[in-house]
Amino acid sequence: MSAHHPDDDHSHLDAMTLRVRALETVLTEKGYVDPAALDELIDIYENRVGPKNGARVVARAWSDPAYRARLMENGTEAIRELGYAGRQGEHLVVVENTPGVHNMVVCTLCSCYPWPVLGLPPVWYKSAPYRSRAVNDPRGVLAEFGVELPEGTEINVWDSTSEMRYLVLPMRPEGTEGWSEEDLAALVTRDAMIGTGLPLSPEEVPA
Amino acid sequence: MRPREASALDALPALPRDDDGPVFAEPWQASAFAMTLALSERGVFSWAEWVDTFSGELKRAAEAGTPDDGSRYYHHWLAALERLIAEKGLADPAILVDARDAWDRAAKATPHGKPIGLSPDDLARIRDAG
């Protein structure tokens, strides 16, 4: 980033920017990367993929039992049907919440995450506390996220890897009978699909 | 009143939180991310190799006591990328240092607010070094 120095009228690049620019220059000159392709990648992840994709998948599963069956059978293929495929979406497994079982996703080693349906992970997902506590104390983590589950509910924690990524299919909120897929999708939050949240109830939908 | 008994939970670090903040906090993070993807897609390294290197970097940082609340995520990411590039022999570390210095000189020679670019001499030297 550029920053103005009060003592002169020249530019300054911070240490991280210098390291990244040096890499980009050398890799570009050697033909390993193409700056235009890098800009395109950044645009995709800043603007075009995100949890709205996953919300559409969940809303379709809530509305269409045949789709739901395909999604549970082969997540990657069923998600591809809706046009979401590509990087970090090669082996997507959908895990389904039920009244007796709640699912939660973590990557204990780093930050593997289902990019095509959720975009890039939030800061807390990448943090050491979440990565360790999700496994050791899932109920405590859920409480911090404001989620209280009935005592008898079993919590399954799924550890993502570079080969296997998980998407939680939350339970459809009550009072949504007859809703369109579009309206249902508005109830599906990012955290509900990681398992650290629940979908919004009809009363919670922003007008 | 009895003091509250310490529970195991008190010993656990709090979770950092964010709502739908920006995907990248600064442009260099976006560039580091995009270069990693581009190199992996070119087959220079596999994504499994990347995850291996990156998780090793996170583990080293944790062992060194670096606070890992997610805010230094891309610092670790860049360190892992530099490590993997060195391991694969993609770029001579001396050339990287040279390029870093060249960008630093270029910034300092550029009036504030003007685009910063490498001089033709610097660019030619970096290209020839390959």
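The backbone N, Cα and C atoms fix where each Cβ goes, and this holds for glycine too.
Listed in TrEMBL:
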- A:16-196: domain 'Nitrile hydratase alpha/Thiocyanate hydrolase gamma' (DOMAIN)
- A:CYS107, A:CYS110, A:SER111, A:CYS112: Fe(3+) binding site (BINDING)
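Note on the domain 'Nitrile hydratase alpha/Thiocyanate hydrolase gamma' (A:16-196): its mean pLDDT in the predicted model is 93.
Taking all protein chains in view, 22 other C-beta atoms sit within 10 angstroms of the C-beta of A:SER111 (Fe(3+) binding site). Sequence-distant neighbours of A:CYS107 (Fe(3+) binding site): residues of the same chain at least 6 apart with a C-beta under 8 Å from its C-beta are A:TYR113, A:TYR125, A:ARG131, A:ASP159, A:SER160, A:THR161.
If you draw a 10 Å sphere around the CB of A:CYS112 (Fe(3+) binding site), it holds 25 other CB atoms from the protein chains shown.
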